[in-house]
Amino acid sequence: MVEHAEFGSYYGRPVIKAPSWAARDIAGYFFLGGLAGAGSVVAAGAHLTGRTTTATAMKMSSLVAVGLSAAALVNDLGRPSRFANMLRVLKPTSPMSVGSWLLSVYGPAAGAAAFCAVTGRLPRIGAAATLGAALTGPAVATYTAVLASDTAVPAWHGAHRELPYLFAASATAAASGMALVTGATRESAPARCAAVLAAAADFAASAAVERRLGLVAETFRAGRAGALLRSARVLTGAGAVAAAGSGLLGAQARPVASAGGLALLTGSALTRFGIFAAGIASAEDPKYTVVPQRERLAAATAAA
Amino acid sequence: MTAAETSPEHLLSGPEKDPAGDAGHRDAPPRVGFFTDTSVCIGCKACEVACKEWNAIPEDGLSLSGMSYDNTQGLGASTWRHVAFIEQPTGSSGSRPPAPPAAPGPEGRALLPLTDAPAPAASAPGSGELRWLMSSDVCKHCTHAACLDVCPTGSLFRTEFGTVVVQEDICNGCGYCVPACPYGVIEQRPTDGRAFKCTLCYDRLGAGQEPACAKACPTESIQFGPLDELRERAALRVDQLHEAGVPEARLYGHEPDNGVGGDGAFFLLLDEPEVYGLPPAPVVTTRDLPAMWKHAGAAALSLLGGVTLSFALPALTRRKGSR
Ligand code: SF4
Ligand code: SF4
Ligand code: SF4
């Protein structure tokens with residue numbers, strides 16, 4: 001941790017360029033992709049354990065979420081009419097390319113799973129699609145962390161090891177929240193359990209991110225990002241407590257579970273918007289680019 | 001095909017002899033680039049103008065910045081060459097080195113002093129001496145170019161000259177290259193959405209011409225040529241300046257083993273890079289991409305495991321008869 005770090009800059013101008021992505025589109029995409037991806041895993045679990053109401057609700061939720069997330073992505077392109085160019089090549093070095101291909105596999109699977117569940121037709125295909133979506137869903141939920149980290153943005157790149165776990169936890173919190181809101185109460189034991197696990201993992205991963213970032217972690221605490229992330233923590237924690245508590249209540253469980261679910265969903269969304277805002281803040285202040293690089297240079301010189 | 005596609009582990013970072021060859025160009029000409037010797041730059045902005053003219057780049061703002069003579073402010077979608085102006089106090093009272101004796105000009109060229117005559121004592125506080133640093137910045141045409149690595153459409157590509165160019169008809173305006181560049185070079189044009197940057201005058205190179213900015217530079221601060229030759233010339237120039245009593249002269253971006261595997265456009269600077277708005281030790285973000293994919297995979301498996309556990313636990317407790 002560096003206090004009052006001294007550093008040179010060119011009239012205080014940023015060294016790197018912040019992405020011109022709109023928070024609504026891209027942070028929204030991170031949230032929706034997580035909700036869809038983790039939701040498909042919950043849906044498959046519910047499907048396999050005979051929790052039909054929850055299974056159908058989660059399949060629908062995932063379909064809607066992935067549809068909205070694709071719309072957000074296309075909307076954010078400077079040239080939306082050229083969206084098809086995304087699938088022109090498959091480049092392992094471009095997380096956006098990998099993600100586009102991943103979505104083109106996951107999306108139809110999630111769609112088929114929802115279609116078969118709602119209409120009751122083609123149950124075999126529905127089961128296969130449910131499993132397919134559950135296997136690709138986790139990747140949809142975590143690759144977005146790589147998408148953000150694979151940039152020069154200090155708050156994102158610096159956390160490239162921990163961010164996927166935070167995204168996985170946040171996605172699971174959102175999906176369990178959705179299951180609590182939309183599923184049947186008597187089917188909700190797994191969602192309650194997942195909510196508690198996800199909230200614990202979310203807190204652990206957030207702490208690990210901030211520890212790793214050192215000076216740059218300031219961007220997670222200050223300003224808009226700080227406010228978003230603090231609110232996210234409160235909501236996620238409260239949501240998990242409500243979810244766990246609802247399991248102990250008898251007849252009153254429903255409203256408590258629903259409220260907890262909503263808190264978890266909102267908490268997850270705020271987490272993504274907070275991380276997005278922290279990244280932008282870290283890109284716009286030259287301090288977060290220059291000081292860590294200087295420290296790295298000094299460490300290398302000391303070692304030599 | 002990008003270099004990184006053929007063998008990700010070995011070609012994402014580190015020294016790289018033949019970027020054009022690894023990108024699939026057979027019998028490629030020698031890699032070319034720029035050596036920008038800022039010690040002879042006079043801040044005339046001929047390079048900025050020549051670049052705008054030759055490439056027919058639209059106007060991008062006519063505001064006064066208050067940053068010395070720099071109203072361009074930085075590289076961007078419609079500024080592919082940018083001249084930085086830095087005013088520094090020198091002499092005994094400042095933290096800066098004392099004003100060096102007039103630096104020698106490179107062989108065969110007019111001698112250009114590093115410092116102006118001392119400013120009138122009344123106008124400047126302290127020692128009253130000021131030095132000018134001027135530097136013409138440009139895309140670095142990195143050996144390991146993050147912009148090119150992350151571009152999902154293949155719009156950014158490596159040319160046979162080892163340079164990095166955007167294909168306007170393929171770019172879909174996703175904007176991923178913008179935060180990926182460790183130097184803050186490439187940018188989307190607001191009116192258009194697509195990304196633009198220096199092409200190292202790909203059209204002129206193809207016709208055997210030197211880039212417009214280098215051609216227009218009256219002091220030969222911008223030197224264009226095969227990268228190997230430029231590196232040799234730059235090493236000589238730095239030695240010459242050190243001998244002449246300018247110890248703060250240093251090269252920036254020339255080492256083939258730096259964070260981006262060596263810059264195709266490198267510089268001779270007279271102060272720390274960050275003073276010019278350059279990152280002191282940039283690293284191509286995709287160097288860590290294998291680690292990122294590994295962690296994303298592990299995180300995806302944890303998600304799968306966590307949800308599975310959430311379904312297994314209630315089933316176990318129920319079987320034990322607790323419910
Ligand atoms: S300086 Fe930036 S825009 Fe230029 S090649 Fe390197 S990464 Fe790409
Ligand atoms: S904005 Fe254009 S050049 Fe940049 S990464 Fe996207 S498609 Fe490639
Ligand atoms: S090489 Fe050409 S495109 Fe690049 S800065 Fe010079 S004039 Fe502009």
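The backbone N, Cα and C atoms fix where each Cβ goes, and this holds for glycine too.
Given the structure is predicted, the values throughout are model-derived calculations rather than measurements.
B:CYS213 is the only one of B:CYS41, B:CYS44, B:CYS213 that TrEMBL places in the [4Fe-4S] cluster 2 site (with B:CYS51, B:CYS198, B:CYS201). TrEMBL names B:CYS139, B:CYS142, B:CYS147 as [4Fe-4S] cluster 3 ligands; from the candidate set B:CYS174, B:CYS181, B:CYS217, the record adds B:CYS181 to that same site.
Counting other Cβ atoms within 10 Å of each Cβ, the binding-site residues B:CYS151, B:CYS171, B:CYS177 show the lowest value at B:CYS171. Cβ neighbours of B:CYS174 ([4Fe-4S] cluster 4 binding site) (same chain, under 8 Å, six or more residues apart in sequence): B:PRO152, B:THR153.
Counted with DSSP, the domain '4Fe-4S ferredoxin-type' (B:162-191) comes out as 4 helix, 5 strand, 21 coil. Mean per-residue pLDDT, taken over the domain '4Fe-4S ferredoxin-type' (B:32-62), amounts to 94.
Other residues of the same chain near the [4Fe-4S] cluster 4 site, with their Cβ within 8 Å of the Cβ centroid of B:CYS151, B:CYS171, B:CYS174, B:CYS177, are B:CYS147, B:VAL150, B:PRO152, B:THR153, B:SER155, B:LEU156, B:VAL166, B:ASN172, B:GLY173, B:GLY175, B:TYR176, B:ALA195.
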